[in-house]
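Read the structure below first, then the notes.
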Amino acid sequence: MANIPITVDHHHDDLKSPLLPVSEHPIERPESTQQQFFLRSILTPNNVFILLGPLLCLVICLCVKLDGPTSSRNMLAVMAWVFEWWMTEAVPMPITSMAPLFLFPLFGIASADDVAHSYMDDVIALVLGSFILALAVEHYNIHRRLALNITLLFCGDPVKPPLLLLGICATTAFVSMWMHNVAAALLMMPVATGILQRFPVGPAQSDQVNKFCRAVVLGVIYGSAVGGMSTLTGTGVNLILVGMWKSYFPEENPISFNKWFFFGFPSAVLIFFALWGILCCLYIKRGSAQALSAYLDKAHLKRELQVLGPMSFAEKMVLSVFSMLVVLWMTRRLTDDIPGWGALFKGRAGDGTVSVMMATLLFIIPNKKQPGEKLMDWNKCKKLPWNIILLLGAGFAIADGVRTSGLAEFLSKALDFLEETPYLAIAPAVCLVSSIITEFTSNNATTTLVVPLLIQIAKSMHVHPLLLMVPGAIGAQFSFLLPTGTPSNIVGFATGHIEMSDMIKTGLPLKIVGIAILSLLMPSLGAYVFGTDKTMQLLWKS
C-alpha cells in the first residue's frame, strides 16, 4: 500500500484552544446590575430560612430569661434552631439531625461523648438490623409475591370490590408492620397501580372504576401508616417514644417489642377496619363489581404469580431469618411470672441485639445462585435510610438535653395549672394537637417536640407519663390530610389517581376515629399492658 502523506492542522488540534469562540471584548455588566444579581443570589427564601435558625437561637439567648440554670435557656435556643431547620428543610434533614453533635458541646449542654452516645444505642441497632432485613425482602421480590398471593385470595370470582380493597390494604398494613412506612408504601404502590393498569383511563373510565382506583391508592398510603403503629419497627415515631422513655426513666422496665405489640396491634386493627369502612362508604359504589369484572379477574393475578416462578432457596432463607427475628422479639420478655429468653443474659440483650444478629446471618448464609455469594452483601445495603437513623439519634439527643439541662424542670413548673385537669379531657386534646402539628412537619420531628412536653404535663398532673406519651406519639402518625404530611402521602399523590380533596374527605373522619379509639384504649388496655395504674410516687422520684 502506498504511503499517503497526511497533513495535520496543528492549529485546530491545539488542546489549549477553546471549543467555542471567545469574544475579545467580553460583555461587562454595569456595576449596579452585578450588585442586583449578587443580592438576588444571596437573598433566596432558602438562605433566609438558613439564617433564621441561628437568629432565633441568638434572640432567645439574649432576650429570654428562665428561672433555672443557663443551660436550660441554651437548650431552648438550640431547640428553636434545630426545629426551624427541620420544619423549613432549609438544610437537608439528615444534616440538621447531626447539629446537636456540635451545638450541645458549644452551648454547654452536654459533652461531645454524651451527645454521640445518643446516636448509637439499642434502639438504633434495632432500626439498623430491621432495615437490612427489609432490603433483603425487597431485593428478592418477596413483598411482591406476598402481595399477589393475598390479593389473589381476596379477589373473588366474580370480583368483589370491598374484599379486593381489603386484601390490598391488609397486605400493605402487614408489610408496614415490619419495615418503615415509607418503604412499605414504595413497595406496595407499584403492586397496587399494576392492578389498576388493567382499567381504562380518560373518558372511557367509568365513575365506579375511577372511585375504586382512588380507594386503592388511599388504602395503600393510609394502610402503611396504620400498620406501622402496631410494631416498634413499623415507624420511627414508636422508636423515638421508646428511646425517650428509656432516657427519662432508666430505672423503669423498658418498652419491649412484645409489650408495644400487645397494645399497638389491637389499636391498629380497630383503626384499620375504620379505614376500610370509610373507603367502602365513600368510594365503593353500586355497580362497582360489574364494572371491575370486565377488566380484572383471577387469571391476571395468577399469570403475574407464575412469572415470579417458585420460591427460590434465597427467598425461603430470608423468610426464615425474618420469622426467627419476630419470634425472638416476641419472646425476649414475656411476663413478670414467665421470663423470656432475655433472662438467660440477665437483661444485657435487647431487641437491637437480636435484630443485628439476624441481619448478620444474611451476610453468612449462601444464596445458592453464584458460588460464594451470600444472601446479602454490603453493596445491597447502600440504600440504608441513614436519614431516618440520624433523625432518631437527634430525637434521643434532644430528649436527653431537655432533661439534663434543667429545661424539663422549668416546663414542669410552668404547667402546674394542669394538675386539676381530668385525664379524660386532656388525652384526646393531646392526640389532637399532635395530629395537627404533624400535618405541617415530619412525624418524627413532631414526636421529638411533643413527647418531652407531655412528660412534664404528666408530672404536673401526677399521672403515669405513658398515659400522655403514647396518645401523643401515635397521634403524631395521623398525618392524613395533606400530601406533604408524610412521604407516604406524596407516594400516593404522585400516582395521579387522587386529589387533595380525596385525602381530606377520607383523612378527616379517619383522624377523628383514631383519636377516639386511642382515648378509649389507653386508659383501659394501655393501663393493663403498660402498668399505668400503678402508683407514681416512686416513678417520679426516680
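For all residues, glycine too, the Cβ spot is worked out from N, Cα and C.
Database features, via TrEMBL:
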{"type": "TRANSMEM", "residues": "48-66", "note": "transmembrane segment"}
{"type": "TRANSMEM", "residues": "78-103", "note": "transmembrane segment"}
{"type": "TRANSMEM", "residues": "123-142", "note": "transmembrane segment"}
{"type": "TRANSMEM", "residues": "163-179", "note": "transmembrane segment"}
{"type": "TRANSMEM", "residues": "216-240", "note": "transmembrane segment"}
{"type": "TRANSMEM", "residues": "260-284", "note": "transmembrane segment"}
{"type": "TRANSMEM", "residues": "305-329", "note": "transmembrane segment"}
{"type": "TRANSMEM", "residues": "349-365", "note": "transmembrane segment"}
{"type": "TRANSMEM", "residues": "386-403", "note": "transmembrane segment"}
{"type": "TRANSMEM", "residues": "423-442", "note": "transmembrane segment"}
{"type": "TRANSMEM", "residues": "463-482", "note": "transmembrane segment"}
{"type": "TRANSMEM", "residues": "512-531", "note": "transmembrane segment"}
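Packing against the transmembrane segment (386-403) from elsewhere in the chain are residues 75, 78-79, 82, 92-94, 96-101, 104, 109-110, 114-115, 118-121, 123-124, 127-128, 131, 180, 236, 239-240, 243-244, 247-248, 442, 444-445, 447-448, 451-452: each is 6 or more residues past its ends and has a CB under 8 Å from a CB in it. For the transmembrane segment (423-442), the partner stretch with the most Cβ pairs below 8 Å, chosen from 48-66, 78-103, 163-179, 260-284, is 78-103. Simply put, out of 48-66, 163-179, 260-284, 48-66 has the most Cβ pairs sitting under 8 Å from the transmembrane segment (78-103).
Comparison of 48-66, 123-142, 163-179, 216-240 by number of C-beta pairs under 8 angstroms to the transmembrane segment (349-365) places 123-142 first.
If you look at the transmembrane segment (305-329), the same-chain residues 6 or more away from its ends with a CB under 8 A from one of its CBs are 129, 133, 136-137, 140-142, 144-145, 148-149, 152, 178, 257-258, 341, 351, 354-355, 358, 361-362, 365, 367-369, 375. Contact check: the transmembrane segment (163-179) against the transmembrane segment (260-284) gives at least three Cβ pairs closer than 8 Å, residues 6 or more apart, which meets the contact criterion. Long-range contacts of the transmembrane segment (260-284) within the same chain, counting only residues at least 6 positions beyond its ends with a Cβ under 8 Å from a Cβ of the stretch, are 161-162, 165-166, 169-170, 173, 211-212, 214-215, 218-219, 222-223, 226-227, 229-232, 238, 242, 330, 470, 474, 505-506, 509-510, 513-514, 517-518, 521, 525-526, 529-530. Packing against the transmembrane segment (123-142) from elsewhere in the chain are residues 178-180, 183, 187, 232-233, 236, 239, 242-243, 246, 308, 312, 314-315, 318-319, 321-322, 325, 350-359, 362, 375-376, 380-381, 383-385, 388-389, 392-393, 396: each is 6 or more residues past its ends and has a CB under 8 Å from a CB in it.
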